[in-house]
Amino acid sequence: MNFVVLTLFPLMFPAFAGHGIVRRAVEQGLVDIEALNIRDFAEGRHSTTDDRPYGGGNGMVLKPEPLAKAIRAAKEVHTDARVVFLGPRGRLFDQETAARLAGGKDIIMVCGRYEGIDERIAATLIDEEISIGDYILSGGETAAMVVMDAIIRLIPGALGNESSAEQESFSNQLLEHSHFTRPPVFEGMETPEILLSGDHGKIDQWRTRASLLYTLANRPDLLEGREFSKEEITILENWGRQIADIIRTQGLHGPDALSRNR
């Protein structure tokens with residue numbers, strides 16, 4: 001898969017492409033990452049890439065001419081590429097979107113700066129706008145790296161161990177379980193005995209319960225519309241009975257009953 005990043009700061013990307021899983025994917029020929037400087041497509045002595053917005057207001061807007069030329073130049077080489085703009089109005093990026101893009105065509109990523117891009121570019125040359133969250137960044141470069149990293153991890157061969165991607169958070173709409181490594185006891189805190197038992201069936205059950213618990217506590221929205229396995233349904237039903245018992249105890253003895261009985 002080829003990524004072409006259109007940016008005013010191309011020197012940000014060699015470091016991204018030169019480390020970890022991304023570097024390995026590049027070296028194996030699984031992906032190629034090219035950063036094009038939008039300024040190289042600007043005209044005039046100063047190669048101006050931004051201007052004041054019509055109608056007034058704060059900030060500057062990326063000019064349409066250099067951005068259009070940059071996109072078209074990238075499309076000449078990667079004719080079937082999908083043009084993705086990293087911007088705040090876009091669809092919220094998630095694992096499902098990463099998987100969809102990983103199974104698709106090459107991607108041209110447009111990194112916004114200032115107040116954004118001219119709407120005429122968005123309306124005619126952008127295939128999809130993506131946001132990585134409800135917060136403000138200085139530009140689309142870091143967002144582009146987030147999106148590329150998530151996509152590259154899903155390309156076959158990038159991780160080395162294909163099961164790694166399947167077991168990570170969000171891959172099955174659950175947050176990942178807790179992890180422990182040596183030593184078994186650290187500053188008085190012990191590793192759960194079951195993880196040291198060697199019983200892989202019980203370990204899998206423990207991990208399933210932990211994933212469900214973390215998801216229910218921190219991201220219950222991920223569970224909406226999810227198809228649960230029989231094992232997961234049993235776990236949730238058991239929790240439901242335990243919660244009902246707690247509620248009955250409080251109803252009989254008052255809200256302080258639990259603290260008094262400890």
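Each residue, glycine too, has its Cβ placed from N, Cα and C.
The structure displayed is predicted, hence computed values, not measured ones.
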From the candidates Gly112, Gly157, give the one listed by Swiss-Prot for the same S-adenosyl-L-methionine site as Ile132, Gly133, Asp134, Tyr135, Ile136, Leu137.
Gly112
Taking the centroid of the Cβ atoms of Gly112, Ile132, Gly133, Asp134, Tyr135, Ile136, Leu137 as the S-adenosyl-L-methionine site, which other residues of that chain lie with their Cβ within 8 Å of it, listed in sequence order?
Pro88, Ser131, Ala143
Out of Ile132, Leu137, which of the binding-site residues is least crowded by other Cβ atoms within 10 Å?
Leu137
Which one, from the binding-site residues Gly112, Gly133, has the smallest tally of other C-beta atoms lying within 10 Å of its C-beta?
Gly133
How far apart, in Å, are the two Cα atoms that lie farthest from each other among Gly112, Ile132, Gly133, Asp134, Tyr135, Ile136, Leu137, the residues recorded as binding S-adenosyl-L-methionine?
16
Does DSSP put Asp134 (S-adenosyl-L-methionine binding site) in a helix, in a strand, or in coil?
coil
Around the Cβ of Tyr135 (S-adenosyl-L-methionine binding site), how many other Cβ atoms lie within 10 Å? Please give the count over every shown protein chain.
7
